[in-house]
Amino acid sequence: MKIIVCIKQVPDTNEVKLDPKTGTLIRDGVPSIINPDDKSGLEAALRLKDQKGAHVTVISMGPPQADAALREALAMGVDRAILLTDRAFGGADTWATSTTLAGAIKKMDYDLIITGRQAIDGDTAQVGPQIAEHLNLPQVSYVEGMEVDGQHFIFKRMFEDGYHRIKVKRPCLITTLQEMNEPRYMKVGGIFDAYREKEVEIMTLADIDVNLEHIGLKGSPTKVKKSFTKGVKSAGKVYELAPKEAADLIVDKLKEKFII
Amino acid sequence: MDINAYKGVWVFAEQREGVLQKVSLELLGKGRELAETLGVSVTAVLLGDQVKDLAQELIYFGADEVLLAEDAMLKLYSTEPYTKVFSRLVKERKPEIVLFGATALGRDLAPRVSARVHTGLTADCTSLDIDEETKNLLQTRPAFGGNIMATIICPDFRPQMSTVRPGVMIKLERDESRQGEIITCPTDLEPADMNVEIIEVVKETKEKINIEDASVLVSGGRGLSNKENFVILDGLAKQLKGIVSGSRAVVDAGWIERDRQVGQTGKTVRPGLYVACGISGAIQHLAGMEESDYIVAINKNASAPIFDVADLGIIGDVNKIVPALEEALKQAKLKEA
Amino acid sequence: MDFNLSKEYIMLQRMYQEFAETEVKPLAEEVDETEEFPVETVKKLARYGFMGIPFPKEFGGEGGDVLAYAMAVEELSKVCATTGVIVSAHTSLCATPIYEFGTPAQKEKYLVPLAKGEKLGAFGLTEANAGTDASSQQTTADLEGDEYVLNGSKIFITNAGYADTYVVMAMTDKTKGNKGISAFIVEKDTPGFTIGKKEAKMGIRGSATCELIFENCRIPKDNLLGTEGKGFRIAMQTLDGGRIGIASQALGIAAGALEQTVNYVKERKQFGKPIAAFQNTQFQLADMNTKVEAARLLVYKAAVQKQNKMPYSKEAAMAKLYAAEVAMEVTTKAVQLHGGYGYTREYPVERMMRDAKITEIYEGTSEVQKMVIAAHLLK
């Protein structure tokens, strides 16, 4: 069985702070991590490697620094790591990103493609399904459990109020939830291997099958018009009110903040 | 692509087991507003099996027309049959805007459709507007873990597609006098389109007890006076769809289990909403919750440190305010429903 | 000369930290409170390669080096000094002498499972009347046919009772003093070998510290490590290396206490402002940080010297002497800066201060380290 796991290196958004004076994001010193949903997908693949001898390839589209995320995957135990990097890929939205990744994956053998449901820096949940469409594969998203059944997989596909168990023939694509498992740590020896014995293969525009018009900023249907911060957080207002008025005020504020 | 050939606002009417999802009605409300700005009509797209009855409801909630596609293969949601039918309708009828609820279903279908019809899709929008000059849809969404907001446009492709966060848009009052047209559309599905097999459908109402995963925490402290009083938090938590947690003092006093303790010696939490009820805010406690997105503090002591980290502070008797708040939330919900 | 860690060490450090934060830290308080050996943690440590870091892969190790090992003990000790010493005693005092002095057969039989973490190791040198004066060994080993017969007892043995493999020193020839000491590999459950009383300790309370008792304990002749009479040299060289482990533990305790304190002073308010705003706090923290960093440089240097097969006995002694003193000083200051809370078990600095003390004592007291350093200086 051959599995391809798509991972993204993301800033740990839990560690991102706002500058209290300017209200802008402080990105310096924010650690880069493997996106949590992707890491659970990676763990799911590694368990199939442990149990069924699956061959696991991990691929990441990103800048050269994404090398560290791929080395981490190698240290966790994947067989092959590919960095898909080229200036031409920059500025891509989900449509162009999925097109680029599909262009690379097209050239590879696989029974299962795994992506995380969504990345914590974008939260779009779009790249997985869009890759599936570009590759004309069945997709199952929001996966929290999986079994192998001969040439089929059975996935536990979560909804807000329950789940479906879905049987799919290979090959297919799934998007995984962080809740699916607890990813393993890297192994000490795995880290040495990742840097001293193994390689991260580089793929560039020249190596993939893609229409130049469909990648990067130019190939992106959506554009960012502007971005802004929600404002500086500081100690809020304190009111002294009768119970009823206080309750109404809280309800109004929660509505204002879309909390209820 | 001649973008001027695309007209009208579409809303994907998400139904599951014959029940319309609330977000779809919210989107009809927003869709109407956008359509009126643009001078076009609002279309609800309803896919399912024997769901005709819902079409009329969609009109009552603001749709000018309903595209109804019924097929046994559309009974339960499955990506390919839904994508095929929806994408074909988009290609044939060319809407300029398509809105989906950002649900576990909508976020599966929308990207697949956007890839098939080759257009942009913006996820999880919290605000939608029309640019006065260009008439483009301005799609605003949180990004970077909610730390920043971004406004996204899709200027050169149509339709402009968005998924929208449930609970953000306001639905219209149900109005039985509203008129609209129901158009039945062929699905043209073939057996091969069902490329997966749904072997089991399970309903479950999950009750989370891991306070670290909760999006809403109602947390109690010694200000609640005693164990008997502490239970008033349960009702409030229920209204807010949250769970109850507590300070070290109340855990030590046995009012609540230890696995629900917030603070340096308990758990560090970061919910979307943290309601601190009768918690003074010892630093050990603050260290465990100050990163919460929105903090409401209720305490009778005006100089309690909890007010330093609260977004909204109420000075008063927690034992009276909590029941009042529970009631106010109930009323607010009744109004909405 | 480059003081920056290369990419693989940075990644190792991150992995150690993630593991320590998630798997070790949550148990630290309980391990201290209950004095229970963290059996499950040791299994997890084994799974991720912590038990064989500096050994080549052919012997079941991780193919790493002494620096990677020292950093692991440091990161574990930052959150739980008990866990740090378990790894240190296992690696430095048991697996390492077998790796350095064992025959191919001994390495295959004993080092491989130790390095894989399938077996846990311990080391027995100290006796009731032979502490710093290690040459006054009373335990004897007499060759009878194909077997050595061990008699006597060892005290203060880390990992005792939980370890499977013990490297034990005993006199094969009492007339020769130091040169009459030999080293042996003893398996647990060998008839005549029992575990005696467990010590109740001030710190590192989850680490098992017990007596080893040998009563006509017969072990195969093949379990002699090195040759007869070489035991003292093996012990001394082993302790040289062990000091790097303990120095790393001390460094970790100090660094952990500093981290806790930095967080605390930013939150704790007195006179209307965080105590971090007071100059006394700042000066204390500056001293603490400087000393921790100096200790780190000494520890890492000793580790690299050993890895590069350069003389490291003096460096290891300096690292241990200094890191242990820094651990004691920094944890004491940490408690002070925490005020009354620091003296309670609500905050971990209280435990850290108790844990720190042993680093000035075991694997050679600070005074022994000074003897070693001075001897190198004056030779």
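Cβ coordinates are placed from backbone N, Cα and C, and glycine is handled just like the others.
According to TrEMBL, the feature domain 'Electron transfer flavoprotein alpha/beta-subunit N-terminal' maps to B:9-198.
In the three-state DSSP classification, B:Q261 (FAD binding site) falls within a strand. Shown in sequence order, B:S245, B:G246, B:S247, B:R248, B:V251, B:K267 are the residues of the chain, 6+ apart in sequence, with a C-beta less than 8 angstroms from the C-beta of B:Q261 (FAD binding site). Residues or ranges marked as FAD binding site in TrEMBL: B:R222, B:247-248, B:261-265, B:278-285, B:N299.
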Local Cβ density at B:H285 (FAD binding site) - other Cβ atoms counted within 10 Å: 27
Intrachain C-beta neighbours of B:R222 (FAD binding site), sequence separation six or more, cut-off 8 angstroms: B:S247, B:A249, B:V250, B:A253, B:G278, B:I279, B:S280
The domain 'Electron transfer flavoprotein alpha/beta-subunit N-terminal' (B:9-198) [mean pLDDT, rounded to integer]: 95
List of residues, in chain order, with Cβ under 8 A from that of B:A282 (FAD binding site) and at least 6 apart: B:S247, B:R248, B:G263, B:P305
Where B:A282 (FAD binding site) sits in the secondary structure, as DSSP reduces it to three classes: coil
Number of other Cβ atoms within 10 Å of the Cβ of B:I279 (FAD binding site) across all protein chains: 32
